[in-house]
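Quick look at what Swiss-Prot annotates:
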- 8, 99, 102, 103: Mn(2+) 1 binding site (BINDING)
- 11, 77, 99, 102: Mn(2+) 2 binding site (BINDING)
- 1-63: domain 'HTH dtxR-type' (DOMAIN)
């Protein structure tokens, strides 16, 4: 099982390959705001653990194992962003909040959050009811 740091790299590599068709060390470093040497070390570790295949100066490709995990990590991130929007978290805070919690939730918790997101999305009245509860709570606290 990948560590949270490994997950961040796999997720970013998956997104870059999906967007550009490839992922270079420099692109990964820029996206994660880390030094290229840190990326090289992690990519070598991910290669050793068979999440990707890395050839120096030639680039990297995700293995089927890496693609599967990358897809699941992107799903988790997007789902948590959806959840944050539904519960009314300010848009400017969503990314950092998701980054702060995504590695600490079990996949069972993610699946249950997915159920909850689906529940709210099936009927807009449910979201409106939640907004009413939130408004009432805000008025009580003021």
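The count begins at 1 with the first shown residue.
Using N, Cα and C of the backbone, Cβ positions are placed for all residues, glycine too.
When pLDDT values are averaged over the domain 'HTH dtxR-type' (1-63), the model yields 94. The Cβ of 99 has fewer other Cβ atoms within 10 Å than any other of the binding-site residues 8, 11, 99, 102. Least crowded of the binding-site residues (77, 103), judged by neighbouring Cβ atoms within 10 Å of its own Cβ: 103. DSSP assigns residue 99 (Mn(2+) 1 binding site) to a helical segment in the three-state reduction.
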